[in-house]
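Visitor: Quick one: this structure, given as structure tokens, is what I'll be asking you about.
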Amino acid sequence: MNKTSMSMSQFVLFCTIDTQKKSYTIAILTMVYLVTLFGNFMVILVIGMNHKLQKPMYVGIATLAIIDLVGSTNITPKLIAVLLDWAAIPYGPCLLQLLLVLYLEAAEAFLLAFMACDRYVAVVYPLRYSTLVTRKTLWVAGTLLNIVPAVFTVSHLIFIAEFSFCNTNILNYCFCDYSSLIKIACNALPKYFVILSVGSFVFGICPLIFILLSYTRIAYVALKISSIDGKRKTFNTITTHLLVVGLFNIPLLMSYLLTAVGVKLSTEAYNTMIIVANIVPPMFNPVIYSFRNKEIRSSIQKLFKIAKVRSDSPGMNQTSMSLSEFVLLCTIDSQKKSYAIPILTMVYLLTLFGNVLVILAIAINPQLQKPMYVGIAVLAAIDLAGSTNITPKLIAVLSDWAAIPYGPCLLQILLALYLGAAESYLLVFMACDRYVAVVHPLRYSTLVTKRTIWAAGTLLNLVPAAFVLTNLILVTDLSFCNTNILNYCFCDYLSLVKIACNENPKHFTFVSATSFMVGIFPFVFVLLSYARITYAALKISSVDGKRKTFNTLTTHLLVVGLFHVPLVISYVLTGSRVKLSTEAYNTMIIVANILPPMFNPMIYSFRKKEIRNSIQKLFKKL
């Protein structure tokens, strides 16, 4: 019989991992991903902020960190989703993931070769370094680093466009890659395997041989160093570098070469090699290339310990002095502290318990892998992170442990902004989801698709990230005068602006823009959505149905109000340069950050029959 190709709208990733191993595999992958994000983001931050680190070697390290961030984000979240039984992936996102893997692997291979070359010149020809590693050299290297991987990726795209798929759309791997598509294609031609061989040679064997030769020569020069400590440091650097190079190159070379010559690897072996090559190096690279580097390590320590402070005196020039920390002066009456601390502790424990329970109940129940419940689980995760970012330090401040280093203070500000923006837009998505479900129930399955969810998820991350990046740029521009005392219970952007000595209209403009984009706009959208839902609910003939709908509306709007109203009022008033009392500002911000995370599990989850039943089953199993 002739094979007939079929239309392919999506693939199913069949990641063969033992059911008993999934729980801790997911936990390990999540931890690895978080460590990867933190480490690489920290590297980019310190190199970007320190003008002394604007040198070829450090630019290479920052570029490596960016590649690792993008590569890890391209693979890990979807891998975790697959292990949580959300295995379908549309054709477009699958193709994008595949092409990103190819491009980033090729770019990282060339970048590692460039970094080895840079160290080779620095160690073997130190006196000629400035003449060999010039701006022109860097431009040429940067151009090759982008053009060659791009050509390689486009070649794959041309071949993939020729693929025809027969009988199945199941990929027996944990994420999309070129080899996995070849194995289910019904028109596998020799040229498709040739490009694998070429790729493994150009981006695998050549860079690996070049790196090995470079470090062999460096080791030879290191043997001539008279200092034993100098030799030890040099060989330690070589060993750690080659460890990451080996983790990156060897699994990829083996998988591509064996596939190219027609040797079939077991699914488990192939998955293991590819996962190790894509997940592990991005986590270790910041440690090996950055935290072990004295200059970057010192810069990181300064980020966490020192802020630039200027003291202004009439008739005197500004002079800088060292400031290692801020002091949070949380103005609460001493008599109130005694019951404020246990109340906050109880609220935090209830928040942890409720949100963890919600996440577990949704994760273990395949029937709850739907947009609405995924939104509830994401909300619970945001509430966990947000509450943990604020409450423990708030309790510590009330317990007279008021000092906070500059770095953690900055991190608290950025996390609060990111999570606040993410939650605001998530509430919009959830309101929109309920709007479609109630007002257009027959069109729900066509409007709320996987593509819609992917788009919403992308916006949910990109928009808050843009706010955070803008905020970071503005914060690093601030200079502080005379005091390091913040008259608030935790660090936020406004508290820093108020003690800065270079207060600028742009800082208040950012606050106003943020209050509109994160506060007013989502709040109005949610109100309009629920006004329309209310109108639709009035047409329900059942009195009980009306009561349930209005009860849901009331409880939802209560949390939305608790979250939005205090933030909008505080940011709009401050953005308009209206000064709130410290007590009023603290009260509004604490209410907006502490109470909703505790109430959300009850309002969105425990009141829903499906999640309540899943929680009951969870407790019965225990």
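Don't overthink the numbers, they just go from 1 along the chain as shown.
Placement of Cβ uses the backbone N, Cα and C atoms for every residue, glycine included.
Caution: TrEMBL annotation is automatic and unverified by curators.
So TrEMBL lists these for the protein:
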DOMAIN    39-289  domain 'G-protein coupled receptors family 1 profile'
DOMAIN    354-604  domain 'G-protein coupled receptors family 1 profile'
TRANSMEM  26-49  transmembrane segment
TRANSMEM  56-75  transmembrane segment
TRANSMEM  95-117  transmembrane segment
TRANSMEM  138-161  transmembrane segment
TRANSMEM  192-213  transmembrane segment
TRANSMEM  234-258  transmembrane segment
TRANSMEM  270-291  transmembrane segment
TRANSMEM  343-364  transmembrane segment
TRANSMEM  410-432  transmembrane segment
TRANSMEM  453-474  transmembrane segment
TRANSMEM  550-573  transmembrane segment
TRANSMEM  585-606  transmembrane segment
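Set these features in their place in the structure for me.
Guide: This prediction places the mean pLDDT of the domain 'G-protein coupled receptors family 1 profile' (39-289) at 81.
Below 8 angstroms of C-beta separation, residues 58-59, 61-62, 65-66, 68-69, 72-73, 76-77, 79-80, 83-84, 279-280, 282-283, 285-287, 289-291, 296, 299-300, 303, 472, 476 of the same chain, each at least six residues beyond the ends of the transmembrane segment (26-49), sit close to that stretch.
Listed as Cβ neighbours of the transmembrane segment (270-291) (distance under 8 Å, sequence separation of 6 or more from its ends, same chain) are residues 15-16, 29, 32-33, 35-36, 39-40, 42-43, 61, 64-65, 68-69, 71-72, 75-76, 79, 101, 105, 115, 173-175, 177, 179, 240-241, 243-244, 247-248, 251-252, 254-255, 297, 300.
Long-range contacts of the transmembrane segment (453-474) within the same chain, counting only residues at least 6 positions beyond its ends with a Cβ under 8 Å from a Cβ of the stretch, are 45, 90, 93, 371, 374, 378, 410, 413-414, 417-419, 421-422, 425-426, 429, 493, 506-507, 510, 514, 517-518.
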Visitor: Report, as numbers and ranges, every residue of the chain located at least six residues beyond the transmembrane segment (95-117) whose Cβ falls under 8 Å of a Cβ in that stretch; write 'none' if there are none.
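Guide: Same-chain residues near the transmembrane segment (95-117) but 6 or more away: 57, 60-61, 63-64, 67-68, 70-71, 74-75, 78, 89, 141, 144-146, 148-150, 152-153, 156-157, 160, 175-178, 181, 199, 203-204, 206-207, 210-211, 214-215, 241, 245, 248-249, 252, 278, 289.
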